[in-house]
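Participant: Starting off with a structure, shown below.
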Amino acid sequence: MGSVSNQEITEGLPKSLDGTADIHKSDKSVIFQGSGVCKWFNVRMGFGFLTMTKKEGTDLETPLDVFVHQSKLHMEGFRSLKEGESVEFTFKKSSKGLESTQVTGPGGAPCIGSERRPKVKGQQKRRQRGDRCYNCGGLDHHAKECKLPPQPKKCHFCQNPNHMVAQCPEKAMQAANLEDQPITEEQELIPEIME
């Protein structure tokens, strides 16, 4: 089922003398109702396209693409759409095509949104091992919510109860391996910048 992105919607727009829609001379703020699904949405850039399957409650023979910007989404927090998410929206005809003016979930509910978040340059990924219970080592909770009684103390790096992290041979071995790696050109420049 393909979609037509440049197809004009002329219903409800004033007609010129020759009977065609007079988009350029009319008030461009005519608002229409539509519903459909999110075709795609770029979370980093904050925009995407909706595939409109109904206009003013009537099924369309050929689905239409409608531009959507994150500022038009009705939801809390980080605004985005998930591919295939059902939406209801208002839209208008602009010089660039069809453009949404407000987007909600079905029945006016807030949009669900994408689980994806934009990658930020320079931000390192959080270590998986850092988000675990210090009491039992479980990944689904922290020590204050741990249902087990206090466990014997153990190394936080390798979980061995025979030593603490300060004397951990695995951590010392990992640090030694990092020292043996060749220094990159960027790392050589760091001392010069610091001076």
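Keep in mind that glycine also has a Cβ here, set from the backbone N, Cα and C atoms.
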Participant: Kindly point out the range from 27-44, 153-170 that Swiss-Prot annotates with zinc finger.
Facilitator: 153-170
Participant: Can you name the far-off residues of the same chain, 6+ from the ends of the zinc finger (153-170), with a Cβ under 8 Å from a Cβ of it?
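Facilitator: Tertiary neighbours of the zinc finger (153-170) are 134, 137.
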Participant: On the DSSP side of things, how many residues of the zinc finger (131-148) fall into helix, strand and coil, could you say?
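Facilitator: DSSP composition of the zinc finger (131-148): 3 helix, 0 strand, 15 coil.
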Participant: Mind tallying the domain 'CSD' (33-106) by DSSP state, helix then strand then coil?
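Facilitator: Residue counts for the domain 'CSD' (33-106) by secondary structure: 4 helix, 49 strand, 21 coil.
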Participant: Near H141 (Zn(2+) 1 binding site), which residues of its chain come within a Cβ-Cβ distance under 8 Å, counting only those 6 or more away in sequence?
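Facilitator: Spatial neighbours, sequence-distant, of H141 (Zn(2+) 1 binding site): C133.
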Participant: Roughly how many Å lie between the Cα atoms of C168 (Zn(2+) 2 binding site) and C136 (Zn(2+) 1 binding site), rounded to a whole value?
Facilitator: 18
